Ligand code: 9MR
């Protein structure tokens, strides 16, 4: 579970439900009296929840009205674990009424209560057997086995028996189910676009392929191109190009090497739907607003963090102890991700990207889809109404006049301690705290508020004026405090979002202020910045921490009288040429090739942001190579990849749907929904920081460092800055014919 586990990542190797295998000579039972044949000892239970022995099983009546899973538990301490040894954790359990979830863990019995292994099965009244295998990364005599039962509004009954933690068992090897070896964009190709696929095969010479229509008739054929070993996956692959086929249709398949791809369409409707769905994601991330059933059937929930118990609310939030002596109303905004935190730096890039999508739309005359939000129909484009929800929050994070650091922005606001999963926003009982101001957050506020001033002017001049004033104040405050950095250590209860390089943020904020006001003082900052002429297009073009490209792209695309603008525009095209070359060399058509094949946290958004550079180069040049590159980049996200899955929920035959989230936690509580259609998963992350991914994916190669499980917060979260990238690109592709 995310962050409830503390900073130390402590688990490695494999985890699988396994039938009990043949006993090995050195298998050693670690649990004492796991069958409860000798009474209750040495098992313990939370105060007020005594264990009773019923038909030889240990049973408890779990009280209702607790918040986190670990609020009430049954367990046994003083368990020995040895680093590198593999354990089989098994038990039988039942729960009544049906469907209650037990969080079964092996972890540390003392602070900081690290979790070494966890599983959260939904229990049946009849009872079931459960067995899991994991390898311990620690040696300790202070482990525990525990069954965490809290978090239910109602009281329920739990029984457990035959608890075993057997050491010395063989490790399990995790094999993802990757389906047919012909990998395609499972959603669809544009009739006028490139149509490429990847075949995983042992063959080293060209093979025939056939394109089949939904009736199974061959409509095109050709031969594959052997590509050798793909670095990003370690696979031997061929590529297939069927771009010549242009007839719209549904249910097509590609056949090669005896394998038939998952079905796909040829048409452009998919991107129209994705343009809206990827933006609709933001409404359901809103803090401080009830999510209405009529607007989002299946996703209704009460407003979170509006000072209604058990929330302590965001209406009157103190600073962390010692940080400030005032309190702020910081209601509203979007929850960052699967947590309930709100972070100005990540809110900033997300806001910029949605506003940039809107601003591009004004240049290319793109329609603004209806997003079915409460403000729909108010004559303001829905994308601007949605983004304003976040902008109002960002403005509230600015220190008011009369206080120390007036004009600076607090870096973030979140819970004082990590909460568990699942947890609906309105049920979060934690104290909310403002964290210190930072230069990066202040410049994010300056940039986005300046951008807002130019884009909302024609809809709400008063708001535009207020935004511009806040932006100017923030920029001046950042100049006076240019080195206040959020530390990496401030990661309890929320993400650190640490950033100690702010040249890029100064550049971006100056760019937005200049584009909005045309004032020389901001142009001077831009022209004097080394960032202005630097080659900023590395393995990833931009992200929440690296914002130079946000400034550069807008300086290239938003009309202004900036001296040397032609060179700014040329720099975008040069960046795009780089990503084009990377994509061309990539057998899966990915415009991303990180150094040492170390895929970033949230790599799917990195890929999308590289595609934003390609798309911007297309806008600047109308060179079709750039447009085609964006379309081919989408193929990776929608299924043409080593795992043969779409990373966008509800798009493609097999798609991510168990993203890490406290309220889309269907995998942990069947009564909760999966994420809404159009939610992007973070994607392959070579560093696999979470224990669950470590238990399954240790040693993974590039593209394989991903798992669609709610526990895997480092590969499978959903986040506003990832969906903003998807939304930007979906709007671009929806506009292509
Ligand atoms: O996306 C962020 C990634 O770039 C950072 O390396 C990581 C560690 O700081 O944090 C990621 O962001 C998470 C944030 O800290 C908390 N909310 C969820 C975000 C996505 O996982």
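Every residue gets a Cβ built from N, Cα and C, even glycine.
Annotations in TrEMBL come from automatic prediction, not curation.
What TrEMBL records for 660 (among others) is active site. The number of other Cβ atoms within 10 Å of the Cβ belonging to residue 660 (active site), over all protein chains shown, comes to 29.
Take the CB of residue 708 (active site) and look out to 10 A: across all protein chains shown you find 20 other CB atoms. Feature annotation from TrEMBL assigns active site to 708 (among others).
Annotation comment: TrEMBL describes 717 (among others) as active site. Secondary structure at residue 717 (active site), taken from DSSP and collapsed to helix, strand or coil, is strand.
Within the model, the domain 'CBM-cenC' (29-150) shows a mean pLDDT value of 94, rounded to a whole number. Per TrEMBL, the feature domain 'CBM-cenC' maps to 29-150.
Per TrEMBL, domain 'Cellulase Ig-like' is recorded for 177-261.
The domain 'Glycoside hydrolase family 9' feature in TrEMBL is assigned to 271-729.
Annotated signal peptide per TrEMBL: 1-25, in sequence order.
Of the recorded residues, residue 708 (active site) and residue 660 (active site) place their C-alpha atoms 9 Å from one another. Under 6 Å, Cβ to nearest atom of ligand 1: this is the test, and of the active-site residues 660, 708, 717 it is passed by 717. In this structure, residue 708 (active site) belongs to neither helix nor strand by DSSP; it is coil. The two recorded residues, residue 660 (active site) and residue 717 (active site), show a Cα separation of 4 Å.
According to DSSP, the secondary structure content of the domain 'Cellulase Ig-like' (177-261) in residues is 0 helix, 41 strand, 44 coil. Taking H, G and I as helix, E and B as strand and the rest as coil, DSSP gives the domain 'CBM-cenC' (29-150) the counts 3 helix, 63 strand, 56 coil.
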